[in-house]
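S.K.: Right, I'll just put the structure down here and ask away after.
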Amino acid sequence: MMKFSVIVPTYNSEKYITELLNSLAKQDFPKTEFEVVVVDDCSTDQTLQIVEKYRNKLNLKVSQLETNSGGPGKPRNVALKQAEGEFVLFVDSDDYINKETLKDAAAFIDEHHSDVLLIKMKGVNGRGVPQSMFKETAPEVTLLNSRIIYTLSPTKIYRTALLKDNDIYFPEELKSAEDQLFTMKAYLNANRISVLSDKAYYYATKREGEHMSSAYVSPEDFYEVMRLIAVEILNADLEEAHKDQILAEFLNRHFSFSRTNGFSLKVKLEEQPQWINALGDFIQAVPERVDALVMSKLRPLLHYARAKDIDNYRTVEESYRQGQYYRFDIVDGKLNIQFNEGEPYFEGIDIAKPKVKMTAFKFDNHKIVTELTLNEFMIGEGHYDVRLKLHSRNKKHTMYVPLSVNANKQYRFNIMLEDIKAYLPKEKIWDVFLEVQIGTEVFEVRVGNQRNKYAYTAETSALIHLNNDFYRLTPYFTKDFNNISLYFTAITLTDSISMKLKGKNKIILTGLDRGYVFEEGMASVVLKDDMIMGMLSQTSENEVEILLSKDIKKRDFKNIVKLNTAHMTYSLK
């Protein structure tokens, strides 16, 4: 028996299928060990003619449906029934695979006896792909000890006998999310599920005019698939507690990432009864005991979806978005919420950390100014206080910066270097946090991972003079989590900055090892017996110009003892 059957459903794929076929022809794996099964859904272009050109390069099976099925399910089923490989790999016609995919997968499967193998995906042309389950290669994972439930597309490798023996095929009557039902069935029936993440093996490509994805799918059709998945989980040959946990995790996924997320705030009011009825049919298939296992903020949504109560369902989603509730209190760090008069209290709802976006970050040798916004926070403005926290990497020292400006939930903090420079030498690295306080509860969030474009090149720094010593302050983004931190270290001025006279009344400061930013404005140079005023301007990231109010002689230039900017003095002698 050959090792693999690569299954490719096609429909009007002439513009991009060559890339896939080339990737299959270039496989670093014996051509006798895999077949390519192409089933065409009545293309009206040159798709099949292009495929036929690969007869001598690939072990091809090609067929065409008599009538267009309107979705990839039927072509995949026809191909699966034809498959002779020990394993099948489903590949969409607009995607392609790494030349080592089949070779590495075969070796991994032989070693670990996998029934389902997830291979690491990479998005191309802005295509989003699941990533969280591909952090590392794992010979065996489950639906509960991994993130595989968050990838239910069929683009994986399956043991053919697993699918055929358990009658796992794509439901052809369903035109939306049918692949999720297929993949969940495979997960539930597999003896071993594995993840191969050594490299990118599957390239998912964003194309224009994709086949089935843009067609309208009614709420009834969509939620019927979700209901069938719930039923499939509940009917699995597993312990009840285990099934309930899997179903709860599926609900977490569904309400977080599917079209259900925020639907009552997006769908037209006149269409919402149709949606809640279909969603309610799905949720009514979920036993109420499972509600206790889902993310706590979903429990009110499950309650009102099961009751098909669109008005209160909408109130919950709107309340979460605004962070405003009919009644609420916080007990032991959790929310107790009543969403409407006469409605039940929902207790013990976790307060998720807010997401913080750094919308601005500017600095010079005088101050650091950063602006932050809070996103997706369950508590509305007016119920919490914010402050910036600088915490030393060794966690021995902490500095707090109060809020300077609140402009429509845009929080600005001014870190005055004159106020904190005496504390900075105590530690080289200072991490930046936003603290959000609600009563006695404090939430701490690192800053910088989400941000607008950073205005400086890497290593751009500020020059600070403290107790006759010079230091540089360098903001940077951490390697692992891409958050902003401040690096503070002593330097030798002559190794870092050059100072030259240009003409008779301009002084040019140039960074030698990196760019240095200075506060623009009034400045002065102090000689042994004179002081000359000037205007400092940043002409580039590593060059500063001081335009003096009068000429200075070269011999006097060599005797400058101090340089004063608006808020910093640099002793040069």
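Quick reminder: no glycine exception, Cβ is built from N, Cα and C everywhere.
Dumping what Swiss-Prot says about this protein:
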- D179: active site, proton acceptor (ACT_SITE)
- P9, D41, N68, R76, D92, S93, D94, R127, E178, R207, H211, M212, S213: UDP-N-acetyl-alpha-D-glucosamine binding site (BINDING)
- D94: Mn(2+) binding site (BINDING)
S.K.: Measuring CB to CB from D92 (UDP-N-acetyl-alpha-D-glucosamine binding site), give everything in the same chain under 8 Å that is also at least six residues away in sequence.
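M.R.: Within the chain, D92 (UDP-N-acetyl-alpha-D-glucosamine binding site) has Cβ neighbours under 8 Å at V8, P9, P72, T155, A204.
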S.K.: Would you mind checking how many other C-beta atoms are within 10 angstroms of the C-beta on P9 (UDP-N-acetyl-alpha-D-glucosamine binding site)?
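M.R.: Other Cβ atoms within 10 Å of P9 (UDP-N-acetyl-alpha-D-glucosamine binding site): 28.
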S.K.: If you run the three-state DSSP split on E178 (UDP-N-acetyl-alpha-D-glucosamine binding site), which class comes out?
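M.R.: DSSP assigns E178 (UDP-N-acetyl-alpha-D-glucosamine binding site) to helix.
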S.K.: Neighbour count, 10 Å Cβ-Cβ cut-off, for E178 (UDP-N-acetyl-alpha-D-glucosamine binding site): what number do you get?
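M.R.: Within a 10 Å radius of the Cβ of E178 (UDP-N-acetyl-alpha-D-glucosamine binding site) lie 23 other Cβ atoms.
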S.K.: Quick check: in three-state DSSP terms, what is P9 (UDP-N-acetyl-alpha-D-glucosamine binding site)?
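M.R.: Reduced to three states, the DSSP call for P9 (UDP-N-acetyl-alpha-D-glucosamine binding site) is strand.
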S.K.: Whole-number answer please: how many Å between the C-alpha atoms of D94 (UDP-N-acetyl-alpha-D-glucosamine binding site) and the residue listed as 'active site, proton acceptor'?
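M.R.: Between the Cα atoms of D94 (UDP-N-acetyl-alpha-D-glucosamine binding site) and the residue listed as 'active site, proton acceptor', the distance comes to 17 Å.
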S.K.: Would you count the other CB atoms within 10 A of the CB of N68 (UDP-N-acetyl-alpha-D-glucosamine binding site), including those on all shown protein chains?
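M.R.: For N68 (UDP-N-acetyl-alpha-D-glucosamine binding site), the 10 Å Cβ neighbour count is 13.
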S.K.: For D179 (active site, proton acceptor), which residues of its chain lie six or more apart in sequence with Cβ-Cβ distance below 8 Å?
M.R.: P72, G73, L152, S153, P154, F170
S.K.: CB neighbours of D94 (UDP-N-acetyl-alpha-D-glucosamine binding site) within 10 A?
M.R.: 22
